Amino acid sequence: MATGRTHRPATRSRGIPEATVARLPLYLRALTGLSERSVPTVSSEELAAAAGVNSAKLRKDFSYLGSYGTRGVGYDVEYLVYQISRELGLTQDWPVVIVGIGNLGAALANYGGFASRGFRVAALIDADPAMAGRPVAGIPVRHSDQLEEIVRDNGVSIGVIATPAGAAQQVCDRLVAAGITSILNFAPTVLTVPDGVDVRKVDLSIELQILAFHEQRKAGEDVPDVPPPPPTTVAQDGAAPADDEAPAPAQAPAADDGQAPAARRDRKGPDDELPAVMPA
Ligand SMILES: NC(=O)c1ccc[n+]([C@@H]2O[C@H](COP(=O)([O-])OP(=O)(O)OC[C@H]3O[C@@H](n4cnc5c(N)ncnc54)[C@H](O)[C@@H]3O)[C@@H](O)[C@H]2O)c1
């Protein structure tokens, strides 16, 4: 058994590193914007700036796709949209179920960005009998008693969990037993899943806490170059800090992806993976 992270090797079987995979949606979003404005070609520098990454890293990423651009012309926008979409598996339809249709689940159901990216909401599921049959975003909510049947009948492989944290593991177990192999978890809890099941988690409060950390620094605290040793207080989660959890240095060495060091640190989640944050 493994816990709530993306259970993939660092390098996928087709030789594309996981970090590159995590940047492909950023390129795709920037390229889609260019495509909508009928821009035919784009240089690596322009595209890198639009995607918020370093241009050398972008060229390296695209080399994994076999896309090298044309000197003096750049990359063909439409072809790159196709190539990245294909690589991400977006050229096929992905039926998705959302479990937990409260405030968040209903907002997700109403989010138009799923369908436009090929993620069709096949069903909305909730445990509250009073919600059964009630339409949300035009889709009638189904009772969770039918979860297994819904997953099977719709050939669903991606489940979104938007239940309270206390229900999330049980919902996850049922989704996995029903055949789901990818889970997007919004509940603030770490899920345990068998090998072969991918879990991505979204936690906006963690992002806000990281922003609060930087706001505090911007507020003019005089942070020394070499911070003092951590005080012997108890960490927020109640656990004493581990020996290897040294505080981030005030001046981190230059990032190899060309981003500001703080920005690069911030993109790591608490379990050292890139947090999955919904595209705006
Ligand atoms: N990740 C984020 O950034 C983020 C942001 C907001 C909320 N959340 C989390 O999302 C979850 C939902 O938040 P909310 O405000 O929509 O809560 P909510 O109380 O409005 O909705 C929860 C829904 O889940 C249903 N539910 C409970 N147990 C269930 C089960 N076993 N099977 C199916 N449905 C079940 C309830 O009937 C309810 O409709 C919470 O865990 C919350 O902490 C995460």
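The backbone N, Cα and C atoms fix where each Cβ goes, and this holds for glycine too.
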Segment assigned the feature DNA-binding region in TrEMBL (from 26-65, 106-145, 146-185): 26-65
Tertiary contacts of the DNA-binding region (26-65) (same chain, 6+ residues out, Cβ under 8 Å): 15-17, 20, 73-78, 80-81, 83-85, 87-88, 90, 257-259, 279
Candidates Ile101, Leu104: member of the binding-site residues with the richest Cβ shell (10 Å): Ile101
All-chain count of other Cβ atoms within 10 Å of Gly102 (NAD(+) binding site): 13
